[in-house]
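J.: Dumping the structure here so I can ask a few things about it.
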Amino acid sequence: MAVASDETTRICNHCDRAIPSSNIDLHYAHCSRNLEKCKVCGDMVPKKHAEEHFLNTHAPVTCSLCSETMEREILPIHKGENCPQRIVTCEFCEFPLPVIDLAEHQEVCGNRTELCHLCNRYVRLRERYNHESRCNGIPEDHVGSSRNVRPVEREQGARRRQPPEYSRKRLLFTVAIAGIAVLLGSLFFQKTMETGPVV
């Protein structure tokens, strides 16, 4: 059975949709009783879910990092680009920290120095990339840090000093003694509890 395509339609006064003229009265009764137009987005929402629709779609939200309140649509952009508490990494040490603390951290961190293996000069981390691009590997007297590299450091390069071996042995000895003391204390306590509390 074919539907007549020239059937007239009327616009529902409640939802602004085109409805076949023969169904408009029934549609309007159902539509006005059950649906409500959202004041923010204009969508037709069941009346019983109107508050839930507003809370889940349009209500302001609070950033979990900085507690700033904003519209739900901009929260992902805020957390990714604008939030002062979003986590970023230091370009010098790759330590993660909030962006609000980054400038102060990098001011200190960028002033740390490392030994250049080519020219045996100490170079600030913030100047490392510029130094590497122009360093020719020849020590220059007028360029570099305020202190000369000791011959021992030249031979060892940028290796860190190893702690003396005796300190490791002392640490192991101290841990062993502490373990024995805990063991003896627990045995004594257990023995005391078996014989009864001391009055």
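Cβ atoms are placed via backbone N, Cα and C, with glycine included.
Curation does not apply to TrEMBL; its annotations are automatic.
Below are the features listed in TrEMBL for this protein:
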- 49-93: zinc finger (ZN_FING)
- 49-93: domain 'TRAF-type' (DOMAIN)
- 140-163: region 'Disordered' (REGION)
- 171-189: transmembrane segment (TRANSMEM)
J.: Compute the average pLDDT of the predicted model within the zinc finger (49-93).
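T.: Its mean pLDDT is 90.
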J.: Looking only at residues six or more beyond either end of the transmembrane segment (171-189), which have a C-beta under 8 A from one in the stretch?
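T.: Those are none; the list is empty.
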J.: With Cβ-Cβ distances below 8 Å as the criterion, list the same-chain residues six or more beyond the ends of the zinc finger (49-93) that contact it, or say none.
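T.: For the zinc finger (49-93), the sequence-distant neighbours (Cβ-Cβ under 8 Å, at least 6 residues beyond its ends) are 36, 38, 40-41, 43, 99-100, 102, 105-106, 109-110, 112, 125-126.
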J.: Please work out the helix, strand and coil residue numbers for the zinc finger (49-93) from the DSSP assignment.
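T.: Tallying H, G and I as helix, E and B as strand, the rest coil: 20 helix, 7 strand, 18 coil.
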